[in-house]
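First the structure, in the form of structure tokens, and then the observations on it.
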Amino acid sequence: YFKMDPENYDSYGGIEHAEYCFQHYASSDTCLSAFKAPLDPSTVLGGFSGNNYSEASAFIITYPVNNAIDETSKENRKAVAWEKAFIQLAKEELLPMVQSSNLTLSFSSESSLEEELKRESTADVVTIVASYLVMFAYISVALGDTPRFSSFYVSSKVLLGLSGVILVMLSVLGSVGFFSAIGVKSTLIIMEVIPFLVLAVGVDNMCILVNAVKRQPMELVLETRISNALVEVGPSITLASLSEFLAFAVGSFIPMPACRVFSMFAALAVLLDFFLQVTAFVALIVFDCLRAEDNRIDCFPCIKIPSSGGESDEGINQRSPGLLARYMKEVHAPILGLWGVKMVVVSVFLAFTVASIALSTRIEAGLEQQIVLPRDSYLQGYFDNTTEYLRVGPPLYFVVKDYNYSSESRHTNQLCSISQCDSNSLLNEISRASSIPELSYIAKPAASWLDDFLVWTSPEAFGCCRKFVNGTYCPPDDQPPCCSPDEEPCGVNGVCKDCTTCFRHSDLVNNRPSTEQFREKLPWFLNALPSADCAKGGHGAYSTSVDLNGYESGIIQASEFRTFHTPLNKQGDYVNSLRAAREFSSRMSDTLKINIFPYSVFYIFFEQYLDIWRVALINIAVALGAIFIVCLLMTSSLWSSAIILVVLVMIVIDLLGVMAILGIQLNAVSVVNLIMSIGIAVEFCVHIVHAFLVSHGNRNQRSQKALSTMGASVFSGITLTKLVGVIVLCFARSEIFVVYYFQMYLALVIIGFLHGLVFLPVILSLFGPPSRHIIIEKQQADEPSTSSNLS
């Protein structure tokens, strides 16, 4: 409003001039900017009500920086370098200057979000490493026998646990290495989630294998004990691992990049981990058993302890079950066997599932930017201030492709909004949509280069479209060369005295320029500076609104009509505004038979949320379907496969319910977590179901036997390992770790444990499939009679 010159402040009339320009920003020459463009106060002022711009308590300054489509181009590198220098200047010089005047300043650049996310990805490395170290420490202790002071240094399995963890890390590194070699980039989510996932699966298998070996009679030779242990638990480990592998592998066909890449990395990591578990880890168990039997110290196997007679042998041969195993056998399983307890368990779990289905409809799509950023990020203040103060949202562009401006085409009248234009034209419809901003998310009518061009060329605007006698462009009388700044009055006897308007009414076709006139005068309009004599010049407002490449053919390939979204405060507002703009453009394209699409700078980030629910549900359904098929093929039992599927569905639904309760939004991170939850939930279910299938007795007895044999391994292998690791994550500096990793993982572990070790055994005791053990015994019983008959 002061032509970018501080000296003009007093000479123009100070604050009174600004208040005058608030009302006359488009019509008064003294209010046009230094580059001759009008400035709408509602787009730059904030903290006012209605149109009382004088009440404004905040304003925003925007520096447009030229981008380039090609990221490697010199132009783009210049823009990024400028933005980095700008942020440094704002932090080091502008911020202290502003704060010394008791004002506040917040700032952002286009590359700020990416740079802050990079900074955040390293901010919590210590927390993540601590989380894994705590899990490693627990695993090393959990694999050992019941602690006895006299033989602890021999019976502990720290070295075996550490070796198992190294195998897990090798499987993750193998997956990352393979996909890196073929050019697939890993992401922050992958490096944080996949080790957690594979560790959950791997540690569970480690506990199950070690405990299966411990259960074998000591009088058998070591190779037989290992063989019997693999016969006992190998099928369920194979079933669980193949189910997870297939679930993730099928997920790699999903179009959402974050989910697709995660599924690819996870599938290979789980497969590699399975192969290492049943080969290398089994070999390591053999070495550890030989070490223990030879009385060698754990972690220092070169040091051998002299045997103290029978006490040592007794300690090895008579292995008492651990505390967890005794709890499962003597407390947990008998309580779940009570009829009243069963009814309560089934009722409570079904009720929570039904409630979760109702709650899940409240989950919003999106990812709050404040959560993603480090808590000390300068962008936190920027997002808070734009939400609190600004009265319009981001700029919204409606881009029209292949606009035919020839006289034969109706496109001009289908787009414009002045006289003789169609009542349902694009610009008229945008204007109508802006009158219901709560539905359309459009704040105001669009700035139209086409309307202004048609007015600029009309004979009534005699100060606008003018030509010299030789046919070249003649500017308005108050602009050079017609008038020099110190000349008064302008244009009376100067070089422009012979200028005439471009057209008379008789030159126009239905008050519109002909194809040739449009082609010739459009560049004039886009280069014309606005002034008091002609405020419609297009240079300030529309110089980048029209793509003139190839326009001579009568087709303008692309042009845009600019308006603004309403203030967008929540993630839901961004998603809904994008959806509303898409629907509006689609409707107008169908009505006018013109290709129209909307664009705003934030669309690229929020497009994923338009169908995030569909992507999530397809991903989950595909993973569950894959697991069901694998279970069916491996167990040959439709009954048990259906029970596993039902429990997995309930776990996912309950996790969605908890997300709704905690206010966790649906986005790439939470979808990845949901897919991962299916993988971990399989571990909670499959081993219990397999143990139930091969046990003998009635359903109640088999359910208790399955809990006694597998319950402790599943509980210590997944539940406790994950709990100790997850609790460390609550100390993370980044909000995203606390919300999407600590809260979601904690919910997953608790829900998985309750379903796998409480609900599933009760369901099996009520509706479980028949035993496989009976068939084996029958065959064994039939064999002698058959042989005797033959003899």
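Yeah, the Cβs are placed from backbone N, Cα and C, and that goes for glycine too.
TrEMBL assigns the feature transmembrane segment to one of the listed ranges (233-254, 453-474), namely 233-254. Just going by CB pairs under 8 A, the stretch in 233-254, 261-287, 336-359, 670-694 that sits most against the transmembrane segment (158-181) is 261-287. Counting same-chain residues at least six beyond the ends of the transmembrane segment (193-213), those with a Cβ under 8 angstroms from any Cβ of the stretch are 132, 135, 139, 142-143, 157, 160-161, 164-165, 167-169, 171-172, 175, 225-226, 229-230, 232-233, 236-237, 240-241, 244, 262, 265-266, 269-270, 273-274, 277, 281-282, 285, 289, 325, 672-673, 676, 679-680, 683, 687, 710, 712-714, 716-718, 721-722, 725, 745. By the Cβ criterion (under 8 Å, sequence separation of 6 or more), the transmembrane segment (261-287) is not in contact with the transmembrane segment (336-359), since fewer than 3 such pairs are found. Across 233-254, 616-635, 642-664, 744-768, stretch 744-768 shows the highest tally of CB pairs under 8 A with the transmembrane segment (670-694). Among residues of the same chain six or more beyond the transmembrane segment (616-635), those with a C-beta under 8 A of the stretch's C-beta atoms are 235, 238-239, 242-244, 246-251, 253-254, 259, 263, 641-642, 644-645, 648-649, 652, 666, 671, 674-675, 678-679, 682, 686, 689-690, 693.
The list of residues near the transmembrane segment (642-664) in space but at least 6 beyond its ends in sequence, with Cβ under 8 angstroms from a Cβ of it, reads 349, 352-353, 355-357, 359-363, 620, 624, 627-628, 631, 670, 674, 677-678, 681-682, 684-686, 689, 739-740, 743-744, 747-748, 751-752, 755-756, 759-760, 763-764, 767-769. Looking just at the domain 'SSD' (124-287), the mean pLDDT is 82.
Counting same-chain residues at least six beyond the ends of the transmembrane segment (233-254), those with a Cβ under 8 angstroms from any Cβ of the stretch are 201, 204-205, 208-209, 212, 260, 262-264, 266-267, 270-271, 273-274, 277-278, 615, 618-619, 622-627, 629-631, 634-635, 675, 678-679, 682-683, 686-687, 689-691, 710.
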